């Protein structure tokens, strides 16, 4: 007999039971556990819904990874599996053989079905398989603990599809018996009120990544924010609100790209990224109030910060340990920046990246920030490009960076004296001014990578390089 014979015999036995419709809960109780995955795959492919229901009731493993088998949602299959679970969760005394703790609808574990399909069955003993299926990401439950259903949600329509609608309805009527767990929730299009109702049905501690995209308005932030306070394991919070037609692509890079690009990075944990919110005015406080854990990064782009919003930046513990602060395309020329200075003082010992880009900060406002900025000794990146400052104000700024020895990249605007009446750089004027600014800087420290003026260079398209002295492109 060949080495593949045991696997083949198990497969044939399961096929025979299915095709001759001999399958009952009693026959399943007598079958070896090795038969179940093969039989389940066979019943799944043959659309034997009654058999699926019975096998769920007798499932001998801690976890049923249905999502990796059901690549395309199929309502009748889901209904059959949930009917099988119905019989179990309603029983006070659970069947002798039942071990199922998790129904996994995530498309993440093809390994289970590959092993038991025979491709690698001989390299994995039943004992090893038992260890594999301990559901490491879910603590072992007691006899009367709720069943857990795992699924990742990506909501691209304003309403749920038929499978999700059925699943959420099924869970709603079994509160206390079933917990819906979603480690990642993405909302692209569902209205705010519907999304809040959906969040109420998800076990909040299970959410680790939450993305809310443009069609959800923040005009009712006070009603949305309390849900955040319940998400004790939340690591990534991404908010992008607005009504413009935009293209976003989520990627994972070792650093956050320039935020003018259409690429948004969700790499860093404990990051709050808010972009293009048309009506966040005086609502930012609601969000910060309910964030219990300190953020590592706070990124705010293409929006308006009212004075009250600016004041709250330094008041909440969630922003007290920032390593990265990016305020981009925010008009600040009439804003009181003393609260921002207070925030910089608070995070001076931890802040490594500071971006105040295209904020139209003017000389009086810049001077308010300088004392706090001079204390940010851990800064490695400082981007002050796109602001409206004079040459003397920039000199003052450079002198205040005396103690910032770790700065590796600095970007500054062309001073107002080098701009024409249209706001364009006059390179003949900028060149000697830039040289004078460099002399001022070298009096207090030696820079590494630094750039004055338009970024990138309008002539050659170059970005900051390793060179300290930049040539004037001809």
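Glycine is no exception: its Cβ is also placed from the backbone N, Cα and C atoms.
According to Swiss-Prot, the protein carries these features:
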| type | residues | note |
| --- | --- | --- |
| REPEAT | 97-124 | repeat 'LRR 1' |
| REPEAT | 179-203 | repeat 'LRR 2' |
| REPEAT | 204-230 | repeat 'LRR 3' |
| REPEAT | 231-262 | repeat 'LRR 4' |
| REPEAT | 263-291 | repeat 'LRR 5' |
| REPEAT | 292-323 | repeat 'LRR 6' |
| REPEAT | 324-347 | repeat 'LRR 7' |
| REPEAT | 348-375 | repeat 'LRR 8' |
| REPEAT | 376-400 | repeat 'LRR 9' |
In the repeat 'LRR 7' (324-347), how many residues does DSSP call helix, how many strand, and how many coil? 9 helix, 5 strand, 10 coil
For the repeat 'LRR 9' (376-400), find every same-chain residue at least 6 residues outside the stretch whose CB is under 8 Å from a CB in it, and list them. 333, 344, 347-363, 366-367, 370, 406-413, 415-417, 433, 436-437, 440-441, 443-444, 451, 455
Helix, strand and coil totals (DSSP H, G, I; E, B; other) for the repeat 'LRR 9' (376-400): 9 helix, 3 strand, 13 coil
